[in-house]
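Student: From Swiss-Prot, for reference:
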| type | residues | note |
| --- | --- | --- |
| SIGNAL | 1-22 | signal peptide |
| DISULFID | C90-C95 | disulfide bond |
| DISULFID | C189-C205 | disulfide bond |
| DISULFID | C344-C371 | disulfide bond |
Amino acid sequence: MLAQSCCLRLLILLLLCKSTCSVWEKSHKYFRNRKLRERRIKWFGTKKTEIQPLLISTWNYTDANLQAWSVLQQGPQRTRMAVIQGCMACQNQRCGRLLAGGSSPDSEGTLTLEAAIMDGERLEYGAVAGMEGARNAILVADAVLRHTKHSLLVGKSATKFARSLGYKEEFLTDGRTKNVWKKWRSNGCQPNFWRDVRPSHTENCGPYTPLPEHLHQHPLHQEYAITQGQHDQLAFLALDAEGKLHVASQSSGAPFRIPGRVGDSAVPGAGIYADNKVGGAVASGDGDILMRHLPAFLAVEAMRAGKKPDQAAEWVVQRLLRHNTEFNGAVVVVNRRGIYAAACAGLDEFHFVVSGGKEYLSMARVERIKCLEREDEVVDDGPKGLFPTIPEKQAVPRG
């Protein structure tokens, strides 16, 4: 009898232990998973907040970036209007050479604009180039994207298109622009973009005629220096919390260019490119080189192939340097999660402005990167850019 009682008690005790262990095991599993989940949220964000909204612009004009960021923060579906606002703000504030006193006229003294915008969701592109008589070229480029089946309109036809949609006629060439052009003419039209012509393009203004092919020369290509305020193109990239991307660019073109020249701002993949499934990129530098290599497109495709933003940016710049040893310029790359990086060459350092991003450190903060060495440059110590200070009127606001 005593033995049966002991066995019964032992059985009950074993059942209780099994039940307790089961409860403890489930509780441990629950809290362990909860802890891992909390850690995942802390490191990477929830599924909803994994994407880091941000607004990036090239060079160090903080006010235009901040205006674009404020538009992006107004709600969903604002990436398009954000990049447009950034371009318009820079146009009105005369960022760099954009419409500043002594802007970038062509070799006939005329000031024309080019601009482009790209939708990363539909991969649609709208651009204008060589357009005279309209201040905010980005609005006309946006109209090309939204109201036509084309991607690029140029010259007087682009101006006529703008008029047909009600955009105000406003010719931008003024007395200051003419003075800059006259000074260039009095200096023998130096520098210019001609080659293998006669009379010599290094001493004369033309008109020119072609040299016979056996007299063609191949001088070392030496880039012009890019310094603070002496660039004529700015680009903006906007990414929202839903992963939607828009990129835009606006430019007054290379100074004293041959009339009719189209620059990188208007060419898909040269100055800007975006794909919501991968990310986006903006580039700045010698537009003719950028058009030959399409660095913004290459950067996005490099990320599609598995490279991280920093790897993609450096790979693109190294590729440019392999073919153009004196290249001056930069590329900024952003993946679809909002992780960004930049690389440059031919400058002491490259500046770009960021609002948002990881932890929202501050708004319109100027980020600086040291540039890659041009190890294979043919012209030793070729011209490089200098960016010693941020203009006082564009002091960095703190968020």
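Quick reminder: no glycine exception, Cβ is built from N, Cα and C everywhere.
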Student: Measure from the Cβ of C344 (disulfide bond) and count the other Cβ atoms within 10 Å, all protein chains considered.
Tutor: 27
Student: Across all the protein chains here, work out how many other Cβ atoms are within 10 Å of the Cβ of C205 (disulfide bond).
Tutor: 17
Student: What is the Cβ neighbour count of C371 (disulfide bond) at a 10 Å cut-off, with all protein chains included?
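Tutor: So the number of other Cβ atoms within 10 Å of C371 (disulfide bond) is 20.
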Student: For C95 (disulfide bond), just count the other CB atoms lying within 10 A of its CB, please.
Tutor: 28
Student: Where the distance is taken from Cα to Cα, which of the disulfide-bonded residues C189, C205, C344, C371 turns out closest to C95 (disulfide bond)?
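Tutor: Closest by Cα distance to C95 (disulfide bond) among the disulfide-bonded residues C189, C205, C344, C371: C344.
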Student: Excluding near sequence neighbours, so keeping only residues 6 or more apart in the same chain, what lies with its CB under 8 A of C189 (disulfide bond)?
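Tutor: Counting only residues 6 or more apart in sequence, the Cβ neighbours of C189 (disulfide bond) under 8 Å are S107, H201, N204, C205, G206, F256.
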Student: At a 10 Å cut-off from the C-beta of C90 (disulfide bond), count the other C-beta atoms across all protein chains.
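Tutor: That number is 27.
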